[in-house]
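Features reported for this protein in TrEMBL:
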{"type": "REGION", "residues": "1-96", "note": "region 'Disordered'"}
{"type": "COMPBIAS", "residues": "19-38", "note": "compositional bias 'Low complexity'"}
{"type": "COMPBIAS", "residues": "58-69", "note": "compositional bias 'Low complexity'"}
{"type": "DOMAIN", "residues": "143-322", "note": "domain 'Amino acid transporter transmembrane'"}
{"type": "TRANSMEM", "residues": "146-168", "note": "transmembrane segment"}
{"type": "TRANSMEM", "residues": "174-196", "note": "transmembrane segment"}
{"type": "TRANSMEM", "residues": "226-246", "note": "transmembrane segment"}
{"type": "TRANSMEM", "residues": "294-315", "note": "transmembrane segment"}
{"type": "DOMAIN", "residues": "343-528", "note": "domain 'Amino acid transporter transmembrane'"}
{"type": "TRANSMEM", "residues": "356-377", "note": "transmembrane segment"}
{"type": "TRANSMEM", "residues": "397-421", "note": "transmembrane segment"}
{"type": "TRANSMEM", "residues": "442-463", "note": "transmembrane segment"}
{"type": "TRANSMEM", "residues": "469-490", "note": "transmembrane segment"}
{"type": "TRANSMEM", "residues": "502-528", "note": "transmembrane segment"}
Amino acid sequence: MKDYNDHVGSDPITPREVSSTPSSQLHSPSLSRSPLLHSPDHPQAASKPKTGHKIKFSSTSPVVSAPPSQMHSPSMSRSPFLGTPDRPVTMPPSGARTPMAYIKSRNLTPRFLTPLGSPLRKALHLTKLDPTDAWLPITESRNGNAYYAAFHTLCSGIGIQALILPVAFTILGWAWGIIALTVAFIWQLYTLYLLVNLHESPETGIRYSRYLQLPNAAFGEKLGKALALFPIIYLSAGTCVTLIIIGGSTAKIFFQVVCAASECKAENLTTVEWYLVFTCGAVLLSQLPNLNSIAGISLVGAITAIGYCTTIWAVSVAEGRLPNVSYNPIRIGSEATMPSSEKHPSTVPMWKGVKVSYTLIAMCLFPLAIGGYWAYGQLIPPSGMLPALFVYHSQDVAKSVLGLASILVIINALSSFQIYGMPTFDELESIYVTRFKKPCAWWLRVIIRTVFGFTCFFVAVAIPFLASLAGLIGGIALPVTLAYPCFMWLKVKKPKVYSLKWWLNWALGVLGMCLSALLIAAGVYVTIDNGIKFNFFKPE
């Protein structure tokens, strides 16, 4: 310690003297934030030498060049040392990081620590973070937890698509319907488990916070984008379009129910106008900056999803089976970002949130599918349980119950819009960040998200028959959920050949691709056989 203090208080230190520091010490926590490592362009404003002498630097090139592996270390990712003219280190424009998180990220390492910390630091597997992650909405905030993961998974995992599960039973029948639902549920839960464990690699220390990063790392950038980019963008934007159609249509129904109950004479809006009302609400909520900031909205969406699923199936079962119900299958002739450390990897709370949320999802989906099919059988409308509730029980059930089910669906659709829109927001902003090497200004984010929302509105109005192609395009997107995670696990984790995990992932991956091909072929056949009503700009 004496030598260190004498050195600081003696003659000015030249770049050559600093550069002569042993390479093993460059990984030391005490040096990673030391004033010795700051160039004139990045001074340490709050640090002062212990003596009266000032530390002077010449105006030559940067003092120290850190090893590439250190550039992504969490201890240096927010240090002024990493600031360069082409990639300045700044706080996110939204102020996503909490005050305490900002304080903790400052220089709190005692200067008396010796380089003995370097071997220990080398032995630890550190998560490598891209500095630009602090500028993008999915990874801007690292304050997530197991609750946030559960909220997001519940809100998006149940979703509006749950209401059409009984329709599948009309084709499969009781036995195959229950078997297919159970297998699909377990299969999706397993692939989600694979994604959670692939998201952060303890072997390499690399963290993949976006789905597209995984296929890029596993299959190469060109093949990864070719396989995954379109399905991801389709699932994001296409689901948002569907939510506008469902949310707007349900808002129209809710208005009619409320007016009928209160005997008001207010003039109802057209379908397009209700789409516009829903879109304005969704765009307004989409201005929240990042994934963690919408955790509260996801919680509301999760509660409403559980609420309308339970309400609809409970009312349907309580009202009893319809007369002349048939259960004969129809024969179709000639469809979180959270903090991470060595001791507390993000995988653990993420998987806890997934397990809790999928337990609740199962408690909603299975009663909804089985109870709905029992109550309506082959008489269920093609659009699912909500229309069935109004078609068959509008006169039997209290208006308050019908209105409650409708408003819960609307709120859930608004909440789900934020989750499904986030990948597109992130992708659009990453284009700007990559090109200009700086975060998006708040006004640019507003423009990007507003344009996205109203583009989805335009598609919903212009192509209302898009739902007719859901089976066809859904087959294209299916591998993202059921097949790619299995192949990525084989490529990244490299399990022992012919082991149980090796056989399981190969079997599920190949089966997922075959199922996708069958769905695409069936979608093409049904489209050709039944035709499509091209009612452009005429939503019903």
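Here the Cβ of each residue, glycine as well, is placed from N, Cα and C on the backbone.
Whatever TrEMBL says is automated annotation, not expert-curated.
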Worksheet item: Honestly, do the transmembrane segment (469-490) and the transmembrane segment (397-421) touch, with at least three Cβ pairs under 8 Å and pairs 6 or more apart in sequence?
Response: no
Worksheet item: Short question: which residues 6 or more past the ends of the transmembrane segment (397-421) have a Cβ under 8 Å from it?
Response: 152, 155-156, 158-160, 235-236, 239-240, 243-244, 246-247, 250-251, 253-254, 257-258, 260-261, 278, 281-282, 285-286, 288, 294, 297-298, 300-302, 304-305, 307-308, 311-312, 315, 319, 386, 389-390, 449, 452-453
Item to complete: Give residue numbers and ranges for long-range contacts of the transmembrane segment (356-377): same chain, 6 or more residues beyond its ends, CB-CB under 8 A.
Response: 146, 149-151, 153-154, 157-158, 162-163, 165-166, 168-170, 174, 177-178, 181, 185, 189, 192, 302, 305-306, 309-310, 312-314, 316-317, 319-322, 325-327, 385, 388, 392
Worksheet item: Any residues 6+ beyond the ends of the transmembrane segment (294-315) with a Cβ under 8 Å from its own?
Response: 144, 147-148, 150-152, 154-156, 158-159, 162-163, 285, 288, 357, 360, 364-365, 367-368, 371-372, 385-386, 389, 393, 397, 401, 404-405, 408-409, 411-412, 414-416, 418-419, 422
